[in-house]
Amino acid sequence: MSYLWTSIKMQFRIPVSVFFSLLFPLIMMFAMVTSYGNFDIGEGYHFVDKYFLISTGMGMLPIALISFPIWLGESVQNKSYKRLEYFGLSAQKIIVSDVCSYILLTALSIFVNILFGYLVYGLHIPDWQYFIAYVLQCLYCNLVLLIFGALLALIIKNPRILMPVGMCLLFMFYIFTGTFSSFSELPKSFQAVGNFLPMKYIMNDLFNVWTQNKLFISKFLALNTLYGIILSFALVAFLLRQKKIKIKP
């Protein structure tokens with residue numbers, strides 16, 4: 001527990017992580033809902049009930065594509081875990097606690113976004129089972145993205161390169177998931193790409209969960225699980241390959 005608490009405190013000492021995961025989504029929600037107005041979209045729902053899905057995704061992506069890979073890249077490059085073992089600390093426990101802290105940061109980003117939308121714009125809150133289903137699917141999506149971020153960090157390693165690569169990936173996700181315009185208004189080729197990105201379903205299709213029409217989005221779950229399996233195997237294969245290289249004389 002002490003490892004986890006230390007990892008959480010470290011997260012709030014990284015300005016980029018705090019800004020992109022907690023403040024940036026709120027700024028975007030405020031800018032968009034204030035600019036366009038919180039107009040009625042039917043059945044008692046308003047613009048904020050749809051846009052908060054996008055702003056939530058905007059907070060989740062930087063955690064997995066920028067903050068987490070940079071932290072992992074720096075740890076690998078500086079060999080900080082090996083040094084900590086010299087002081088009698090468990091490197092495995094520290095790694096697990098650090099990963100858990102990023103999952104908790106994702107959960108905090110989601111809840112802060114929902115709370116802001118509710119207090120400022122009267123965001124509709126669904127029944128508890130739909131609320132939990134929404135949060136769990138968001139966390140499941142970001143868990144797979146964290147595996148992708150880990151693979152990215154272990155391949156590139158250099159934090160100076162990871163930052164621009166992460167930013168490029170971030171805005172590519174934003175473009176193909178309909179962050180800057182309605183997904184239905186994107187070119188057909190962009191929509192085709194977006195349909196293969198689990199985050200597209202978080203930012204768009206989970207509206208059916210929030211409005212209590214569906215408990216789970218089956219297409220999202222199938223796609224995210226497929227990516228999770230592929231990326232997990234790729235990560236394990238990469239780590240085993242690196243271990244063999246170190247063993248060789």
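Just so you know, glycine gets a Cβ as well, placed from its N, Cα and C.
On a predicted model such as this, the values are computed, not experimentally measured, just so you know.
Noted in TrEMBL for the protein shown:
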DOMAIN    4-204  domain 'ABC-2 type transporter transmembrane'
TRANSMEM  12-31  transmembrane segment
TRANSMEM  51-73  transmembrane segment
TRANSMEM  94-119  transmembrane segment
TRANSMEM  131-154  transmembrane segment
TRANSMEM  161-180  transmembrane segment
TRANSMEM  220-240  transmembrane segment
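Across 12-31, 51-73, 94-119, 220-240, stretch 51-73 shows the highest tally of CB pairs under 8 A with the transmembrane segment (161-180). Just going by CB pairs under 8 A, the stretch in 12-31, 94-119, 220-240 that sits most against the transmembrane segment (51-73) is 12-31. With a threshold of 8 Å between CB atoms, the same-chain residues lying at least 6 positions outside the transmembrane segment (12-31) that come near it are 48, 51-52, 54-56, 58-60, 62-63, 66-67, 70-71, 105-106, 108-109, 112-113, 116-117, 120-121.
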